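Structure first, commentary second.
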Amino acid sequence: MALRFPRFSQGLAQDPTTRRIWFGIATAHDFESHDDITEERLYQNIFASHFGQLAIIFLWTSGNLFHVAWQGNFQSWVQDPLHVRPIAHAIWDPHFGQPAVEAFTRGGALGPVNIAYSGVYQWWYTIGLRTNEDLYTGALFLLFLSAISLIAGWLHLQPKWKPSVSWFKNAESRLNHHLSGLFGVSSLAWTGHLVHVAIPGSRGEYVRWNNFLDVLPHPQGLGPLFTGQWNLYAQNPDSSSHLFGTSQGAGTAILTLLGGFHPQTQSLWLTDMAHHHLAIAFIFLVAGHMYRTNFGIGHSMKDLLEAHIPPGGRLGRGHKGLYDTINNSIHFQLGLALASLGVITSLVAQHMYSLPAYAFIAQDFTTQAALYTHHQYIAGFIMTGAFAHGAIFFIRDYNPEQNEDNVLARMLDHKEAIKSHLSWASLFLGFHTLGLYVHNDVMLAFGTPEKQILIEPIFAQWIQSAHGKTSYGFDVLLSSTNGPAFNAGRSIWLPGWLNAVNENSNSLFLTIGPGDFLVHHAIALGLHTTTLILVKGALDARGSKLMPDKKDFGYSFPCDGPGRGGTCDISAWDAFYLAVFWMLNTIGWVTFYWHWKHITLWQGNVSQFNESSTYLMGWLRDYLWLNSSQLINGYNPFGTNSLSVWAWMFLFGHLVWATGFMFLISWRGYWQELIETLAWAHERTPLANLIRWRDKPVALSIVQARLVGLAHFSVGYIFTYAAFLIASTSGKFG
């Protein structure tokens, strides 16, 4: 018999039912579970797949550049970034008919096009790209990198070029390489690009390979560097009347500490960003020389961790045994990496709007909203993944003997206390926040809005004041006009910071009140509950009170009810599954809050948010209902407008989302019976019965159906909100 899919598992390949296909797909990337896997092949497969991942990323970014150069309007956008709408790419077949063709022909294009809400135009413009030729060059370069990555991935699977296990487990060398080689050198290279290409570009000087060696980025060249007069590089910065991309009002400084925003572009000063990247480069280049490799100098990670034993015995044996535990578990390493990346992605969301780095992006409201929402959802998925792999670590890799009485073992020892504290925090936040919202709802319904319970967030306002926001009237730190910090700030450091904090047109330290206080606690409820589910799933992965022997059941077993001995103290997979719903819910609140607050800020009617956000009906009526009207009118009896694609996506998103419930709220036996009925009818129908299948059709397993339901729920949820977000924002601000 020919080898059947999946080749990596002979047991599955011989399964006579359709389970073979679904389980094969589900375990295709679980290299550890494959038949003849060795530790060495496991590491080599993962290493090679990283190159494949890089190749896909480079190909994708190359495609962005290529399509904008081919079908976009980058050159005309550069002439007038505030009034020309950036085009992402052409649309082949706008739906439906001539009205749609006319509706989607915009941005100065000859035919129907999609508008770009990704911010790439602003990014490319800021870093010095100006022409379609520049974009094509970038696309070709990235295509070349993509090919190189593919070749490298293939090469490292060849016997001669396969790295050994010892190479993969050489943590110090990897740390040095990543700190110095990746972060340090790339930050230094980026500083170089900003200083040599982007900053001259922002001052109307076009630097390319042909004049790269002739144009001095600073009038004094490298002189100040060698004579120690570094302050000369900060003198004569761009003036507040500087027109970006021209020499009008431009200075000569390349590394500054101005603070605040460029008045015309509303983005951070390029010279501040160059300075920032130079500092980062310096720190990481130093950090990458700290660990002991071939030369016998520097720190040993293992020695550092073994020495970390807190005094007084309060944390037992501290970090003893952690080095080998982490270094020998790829799930632990992946969990740490995902946790870090998730936090960073969320920080990117928060900083991209409050401290915009790209010229004119702050005035492109739809792009701001899209980027914030995108990065928060990505962060949510990555963070939940961190806990999933933490749970797999406890099941597959954790060795109690190796970790006796260290911080890891002690987490397991007092997990009941951790769970109960998180549970208490979640219950407290949930009941109190809902109680306040519902009370306020009732007061408005009874026509007595003055009886609402409105709490000023005085601690948060105090923190904002300490950073220089004066409108609350706190006389503290940077908002205290006669304090030494305030006066020093005027001249020595970041003179533009205080102006930026107190100018109400940007998103830096938005004024907050009772509505913010309430939604902040609603979000805190979501965060704590999601964390509770995820932490419980990981800490109970090996065993729990009701089911002490989970380890041999593996990561994902179904809840089978009490009939077969009872596995209803859920599997670690089940915890991940439940947590994703909470994660989506929480980020829903986060994005609703961000979007509504900003819509009212951009429209100049902040009182709408302040007055309506203190009760639930306000959110439903004045945010969701009010802002969905343009969207729902994408198609109407009079024809089609340019929001019709979002109206369609909004409907389609609801469809996908609702389909999820078919898999989530259902009995497996119902599907099994339905499938057998259909198979029976098929086999007895003329013509149809000529077509046979090799695998006996069976219903999805409980875990599989949950996964399919979860995938539909997530995708539909995000499609629906993305359509709402883009249509409601672009419908208002064009």
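Here the Cβ of each residue, glycine as well, is placed from N, Cα and C on the backbone.
Among the features that Swiss-Prot reports, transmembrane segment is placed at 46-69, 135-158, 175-199, 273-291, 330-353, 369-395, 417-439, 517-535, 575-596, 643-665, 707-727. Summarising the annotation, Swiss-Prot assigns [4Fe-4S] cluster binding site to CYS559, CYS568. Annotation comment: Swiss-Prot describes HIS654 as chlorophyll a B1 binding site. Summarising the annotation, Swiss-Prot assigns chlorophyll a B3 binding site to MET662, TYR670 and lists sequence analysis as the type of evidence. Taken from Swiss-Prot, the feature phylloquinone binding site applies to TRP671.
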Among TYR670, TRP671, which are binding-site residues, the residue with the most C-beta atoms within 10 angstroms of its C-beta: TRP671
Among 175-199, 330-353, 369-395, 417-439, 707-727, stretch most in contact with the transmembrane segment (643-665) (C-beta, under 8 angstroms): 707-727
Count of other CB atoms lying within 10 Å of the CB belonging to MET662 (chlorophyll a B3 binding site): 13
DSSP state at HIS654 (chlorophyll a B1 binding site), helix/strand/coil: helix
Other CB atoms, at most 10 A from the CB of CYS559 ([4Fe-4S] cluster binding site): 14
Residue among binding-site residues CYS559, MET662, TYR670, TRP671 with Cα closest to the Cα of the residue listed as 'chlorophyll a B1 binding site': MET662
For the transmembrane segment (417-439), sequence-distant contacts whose Cβ falls under 8 Å of one of its Cβ atoms, 6 or more beyond its ends: 411, 452-453, 455, 518, 521-522, 524-525, 528-529, 531-532, 535-536, 539, 614-616
Cβ atoms near the residue listed as 'chlorophyll a B1 binding site' (within 10 Å, other residues, all chains): 15
Residue numbers, six or more beyond the limits of the transmembrane segment (575-596), whose CB comes under 8 Å of its CB atoms: 353, 369, 372-373, 376-377, 380-381, 383-384, 387-388, 391, 516, 519, 522-523, 526-527, 529-530, 533-534, 536-538, 540, 609, 613, 619, 623-624, 627, 706-707, 710, 713-714, 717-718, 721, 725, 728-729
